[in-house]
Amino acid sequence: MAGGGGGGAAPAPKADELVPHPVKDQLPNVSYCITSPPPWPEAILLGFQHYLVMLGTTVIIPTALVPQMGGGNDEKARVIQTLLFVAGINTLLQSFFGTRLPAVIGGSYTFVAPTISIILAGRYNNIVEPHRKFLHIMRGTQGALIVASTLQIIVGLSGLWRNVTRFLSPLSAVPLVALSGFGLYELGFPAVAKCVEIGLPMIIILIVISQYIPHAIHAEKPVFDRFAVIFSVAIVWLYAYFLTIGGAYKHSPPKTQLHCRTDRSGLVGSAPWIRVPYPFQWGAPTFDAGEAFAMMAAAFVGVVESTGTFIAVSRYASATPLPPSVLSRGIGWQGIGILLDGLFGTASGSTVSVIKCKLQIIQTEGKFGAVFASIPAPIFAALYCLFFAYVGSVGLSFLQFCNLNSFRTKFILGFSIFMGLSVPQYFNEYTSVAGYGPAHTNARWFNDIVNILFSSEPFVAGVVAFFLDNTLQRRNSAVRKDRGYHWWDKFRSFKTDTRSEEFYSLPFNLNKFFPSV
């Protein structure tokens, strides 16, 4: 054995000595990624499975908004079909010309608050006839969405967001991405508990099918884990149907029946067999400056939230980290998606959600979609408990690039996540008690902007982390390594890593006309 002396190389670790897991800029062991899509039969099934997952959000938003707008079941069915149709178009645009990631663009809860503000606007109080009131409010929402879309289009396609995200490090990405999933916790078990005898079995069956059965039966092909959503939804939906026709909820309170029964959506009878939505189907949009400003605040929150979700999608797609120019391009095309929301009249703007398959069918169906929309909401909430958790966990995975022994890292990470949960909780509690947000002045548009911005968990956490990470001891070379910035250096430009061309280049040789930098 060599004696102790200076300059000698460190001894190699023993065979039984524990060593850290290596840092990986791509997620390993992914069956299908951007460059290796599944076969078409399997892709169709996977696409249908993800359609079921996104259907929950698509149904919940119009179900909550349309009755407040004055609409009935017929208007609700039409809005749901429109939202599905536009989601299909926006997803295809994002897949071909945006980030090129396998991400679904669908309805967003971020835009619910400004839509409710439009519903409560005094200028609609004098309209008595419900359908006429619905049309006027929808046209006001359309006008606000059209104006708000310009913010994302300009910020994204001008390259402005590219210049901002160049300063994003793995450390500041962790709170942003993690709370893009964990921040939606209120849509999980609280919604499951509204009909716990359906929601809780759904969680258990989903976990058993996706996590336990594949390891117990050792099948040659990953059937159960890959199609766990279809199996579990079919089982629990059938169980809920038998409870409904068996009279289990015959004497239950109306709220319980609404959440538990499979025949309370009111959509099957109202939906036409086939219907193709078209622009301005509700009439010409109307414009109000205050409502437009409030919707622009939601669009800005959508920029930040979608940045976190795009990063999560790139990770699960086993792609390299997004170059800032590609991320900015995706935000621009998401803005075009919000423009389409305004033109068609979906009552809500769009953001990106995680999905692991490129297929998204443009929805024009009537009765078909309405039948699946009769799935009780707690079943969808059970799905959220799993999939939102996956989004949050991929945010935590970026900690592998950071030095967790650094007190600077601990402070930024802990403080930003805590404030990201605590500040929106204050705003939400205040609103639920007082009926209005903490910002309550005579300028309704100002109130909406403040309340919308600070009610978003990923927005608050992401902004706090980004600010602290780029101002605290930034020029220190050791800090640069602590925050993991050096790991993402080669992805700051589109051309510095050859894999960027493989994952993110535009089709049809469009890179010649729209180069990425």
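Numbers run from 1 along the shown chain.
Including glycine, each Cβ sits where the backbone N, Cα and C put it.
Per TrEMBL, the feature transmembrane segment maps to 48-67 (among others).
The feature transmembrane segment is assigned by TrEMBL to 79-97 (among others).
Residues 50, 54, 57-58, 61, 64-65, 68-69, 83, 87, 90-91, 93-95, 137, 140-141, 144-145, 184, 187, 288, 291, 294-295, 297-298, 301-302, 305, 309-310, 313, 334, 337, 346-355, 360, 444, 448, 451-452, 455-456 of the same chain lie 6+ residues outside the transmembrane segment (103-122) yet bring a C-beta within less than 8 angstroms of a C-beta in it. Residues or ranges marked as transmembrane segment in TrEMBL: 103-122 (among others).
Annotation source TrEMBL lists transmembrane segment at 143-161 (among others). Beyond the transmembrane segment (143-161), the same-chain residues lying 6 or more positions past its ends with a Cβ under 8 Å from any Cβ of the stretch are 111, 114, 118, 285-288, 291-292, 294-296, 298-300, 302-303, 307, 324-325, 327-339, 341-343, 346, 349, 517.
Residues annotated as transmembrane segment in TrEMBL: 167-187 (among others).
The annotation transmembrane segment is assigned in TrEMBL to 199-217 (among others). Proximity of distant same-chain residues to the transmembrane segment (199-217), defined by a Cβ-Cβ separation under 8 Å and at least 6 residues beyond the stretch ends, is recorded for 189, 191-193, 224-225, 228-229, 231-233, 235-236, 239, 378-379, 381-383, 385-386.
Residues or ranges marked as transmembrane segment in TrEMBL: 229-249 (among others).
The annotation transmembrane segment is assigned in TrEMBL to 292-313 (among others).
Residues or ranges marked as transmembrane segment by TrEMBL: 379-399 (among others).
Residues 171-172, 174-175, 178-179, 183, 399, 402, 437-438, 451, 454-458, 460-462, 464-465, 468-469, 472 of the same chain lie 6+ residues outside the transmembrane segment (411-427) yet bring a C-beta within less than 8 angstroms of a C-beta in it. Per TrEMBL, transmembrane segment is recorded for 411-427 (among others).
Positions annotated as transmembrane segment by TrEMBL: 449-468 (among others).
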Leading contact stretch, 48-67, 167-187, 229-249, 379-399, 449-468 vs the transmembrane segment (292-313) - CB distance under 8 Å | 449-468
Tally Cβ pairs under 8 Å between the transmembrane segment (167-187) and each listed stretch (48-67, 229-249, 379-399, 449-468), then give the stretch with the top tally.
-> 379-399
So what's near the transmembrane segment (449-468) in sequence-distant terms, Cβ-Cβ under 8 Å and 6+ beyond its ends?
-> 110, 113-114, 167-168, 171-172, 174-180, 182-184, 293-294, 296-298, 300-301, 304-305, 307-308, 411-413, 415-417, 419-421, 423-424, 427-428, 431, 437-439
